[in-house]
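I grabbed these lines from TrEMBL:
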- 6-29: transmembrane segment (TRANSMEM)
- 75-98: transmembrane segment (TRANSMEM)
- 110-131: transmembrane segment (TRANSMEM)
- 143-163: transmembrane segment (TRANSMEM)
- 183-200: transmembrane segment (TRANSMEM)
- 240-259: transmembrane segment (TRANSMEM)
- 265-285: transmembrane segment (TRANSMEM)
- 297-319: transmembrane segment (TRANSMEM)
Amino acid sequence: MSSAPLLTSILTIVAGIIFFFLSFLFEWVERKAVARIQKRVGPYFTGPGGIFQPFVDFLKLLSKTEAISKGTELLFYRASPIIGVTLLTYGFLHLPFLSQSPVLNFNGDLLVVFIVFAFTCLSYLMAGLSLRTPFTVVGTGRLIVQYSLYELIFLSSFALIFFQAGSATISDIVQYQMINRPLVLYQPIGFIVAVFSLLAKLEKPPFDLPHAKQEVAAGWMSELSGRTLAYMRLIGNMDYLFSVSLIVTLFLGGGSGPFASQITVLWPIYFLIKALAIALVLSYIEGVAVRVRSILLPMRLGIPLTSLLVVQAVILAIWRMGLW
């Protein structure tokens, strides 16, 4: 009997546990970095520097009484956290975090990651639309509008990577970067587009319109409480880590670095360092940016990023044809 299925099962469980706890670490990094930029303290009391605060907040919400509004669609309300956690965990298993070869990998697995990336928004929509209150409906509507703008732009920036690497398999794309150079050096404009599109996907300033506190309270999350709120916040953290890890994989060569091929333990260390660097960049933008007006969203997000992406595509096409 082959031991491969058993090894895959063990690695799946280990990677899932790592994904769970790392999502809280990245929430702490984000909250701490934004607080420092804005001259605040941030998480402080629980653990060294407040590092355990996000996890304690999660446990605290699990113990709270859950209030459900009258008229809530319970099927969608209960299913939304399950769908979100399942999709994101499955998507993360296709990323080369522990080694050059992901836990789950096959030819064309980048397309599966794209599908997971696109459908994570489904859990937010299900949670928001199941509640039917003014704030949740308006917040969900804003989420749909913002989603329609950033989704195509974000995935198009990754399509350029497929065009250059010549493969839709994640391990092949990482191998291409190890042999040549990280794709951020070939496609810096595409990298910038991906980062700003990611801010819109994660609903971070300046694109936090779906839950703008001064306008729609907490937006689509306004009526969430108790364990459902805990799980939806967990999904937000997982989405953050998954998206950052995807950028690290496709633009920065995953965990590749000096001696990473010879010393395997260096691979996850390099991967984590790169992911934290991307998280700090996102946190800096989040800390200094001002929310855009909803009416200006296409002008501030859609048109500029699409134009930059077209420029990157033209440059890449010229380079591939050998004219540059």
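Backbone N, Cα and C atoms are what each Cβ position is placed from, and that goes for glycine too.
How about a rundown of where these features are and what they're close to?
Within its own chain, the transmembrane segment (75-98) is flanked in space by residues 11-12, 14-16, 18-19, 68, 104-105, 109, 112-113, 116-117, 119-120, 122-124, 126-127, 129-131, 170-171, 174, 228, 231-232, 234-235, 238-239, 241-242, 245-246, 249, 254-255, 267-268, 271, which lie at least six positions past its ends and keep a Cβ under 8 Å from the stretch.
For the transmembrane segment (143-163), same-chain residues at least 6 beyond its ends with a Cβ under 8 Å from one of its own Cβ atoms are 110, 114, 117-118, 121, 124-125, 128, 173, 183, 187, 190-191, 193-194, 197-198, 200-201, 203, 207, 209-210, 219-220, 246, 250-251, 294, 297-298, 301-302, 305-306, 309, 312-313, 316, 320.
Through the fold, the transmembrane segment (183-200) approaches residues 146, 149-150, 153-154, 157-158, 160-161, 164-165, 173, 176-177, 206-207, 243-244, 247, 250-253, 278, 281-282, 285-286, 301, 305, 308-309, 311-312, 315-316, 319 of its own chain, all at least 6 residues removed from its boundaries and within a Cβ separation under 8 Å.
Beyond the ends of the transmembrane segment (265-285), by six or more residues, the same chain brings 22, 26, 29-30, 33-34, 37, 96-100, 195-196, 198-199, 202, 204-206, 240-241, 244-245, 247-248, 252, 254-259 to within a C-beta distance below 8 angstroms of the stretch.
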Would you kindly check 6-29, 240-259, 297-319 and say which stretch has the most C-beta pairs under 8 angstroms to the transmembrane segment (110-131)?
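By Cβ pairs under 8 Å, 240-259 leads among 6-29, 240-259, 297-319.
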